[in-house]
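Comments concern the structure below.
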Amino acid sequence: MKLPNEIEEYLVSRNFSENTRSNYYYDLVYLQAFFEDKSVTQEALELYKHQLSKLSPAAQRRKISSANQYFLFLYENKKINQFFKIKQVVQKKTQSSESYHPMIKEFPEFYGPLSCPGQFLALLILEFGLNFAEIQKLKWENFNWNFKYLTIEKAGIKRVLPIREKFAIRVKAIKNADELFAKSRQFLYTELKKFTNYSSKEIREQYILHQVKAGKTIYELANLLGLSTITALEKYYR
């Protein structure tokens, strides 16, 4: 069975940012080129995986993840009559990767009755992975409470982030959020510090850890965070 070229159809069906779309495109073109003169068989998939072994472990995992998602799309849309999946590579642990294992925290104290601006800021960072610069660009109208999503625009790219009910029930009654969003970075820093000893960076990392635990791919997570590259996230996928 030949590998059909449905790359454009696949990318159109996904709500990727321009950068994430570009990453998937090149990964899938690489896959398509390999199978140009080969049939898709389990043996051929093993050969493809072997060819990837010359790349870094992170690049191998990325290309395999892209390929597996593409195979699933083809199978679900009846473009191929058999589902194929490449087994992910197991990255050998190195001293650097072993030394970085941050613990996931739940922060139940963040989800009490809303009592101060710092608590609202902490929730924005933990629920959406926002930094202070992104919070300063928010408008209350960006929150769609009917359909439970937050729209953020950064460098001309829009991100649509889901709003969880546990966040909505605590903050949607706020009347003066735009006043907070208009404050200086120093003001936001001070208010967060009044509420918790955790820094914005530490809280944002917890958002990342929870998304990794939930099964988000490195590309999906980069898209959620509005990142133009995946470099800063690779350590969480080792």
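Just so you know, glycine gets a Cβ as well, placed from its N, Cα and C.
Remember, predicted model here, so these are calculated numbers, not experimental data.
Features reported for this protein in Swiss-Prot:
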type     : residues : note
DOMAIN   : 1-75     : domain 'Core-binding (CB)'
DOMAIN   : 90-238   : domain 'Tyr recombinase'
ACT_SITE : Lys154   : active site
ACT_SITE : Arg204   : active site
ACT_SITE : Tyr236   : active site, O-(3'-phospho-DNA)-tyrosine intermediate
For Arg204 (active site), the number of other Cβ atoms found within 10 Å of its own Cβ: 19
Residue pair Arg204 (active site), Lys154 (active site) - Cα distance, angstrom, rounded: 17
Around the Cβ of Tyr236 (active site, O-(3'-phospho-DNA)-tyrosine intermediate), the count of other Cβ atoms that are within 10 Å: 16
Lys154 (active site), number of other Cβ atoms within 10 Å: 15
Cα separation, Lys154 (active site) to Tyr236 (active site, O-(3'-phospho-DNA)-tyrosine intermediate) (Å, whole number): 24
Residues in the domain 'Tyr recombinase' (90-238) grouped by DSSP into helix, strand and remaining coil: 80 helix, 14 strand, 55 coil
Per-region confidence, the domain 'Tyr recombinase' (90-238) (mean pLDDT, whole number): 90
Structural state census, the domain 'Core-binding (CB)' (1-75) (DSSP three-state): 53 helix, 0 strand, 22 coil
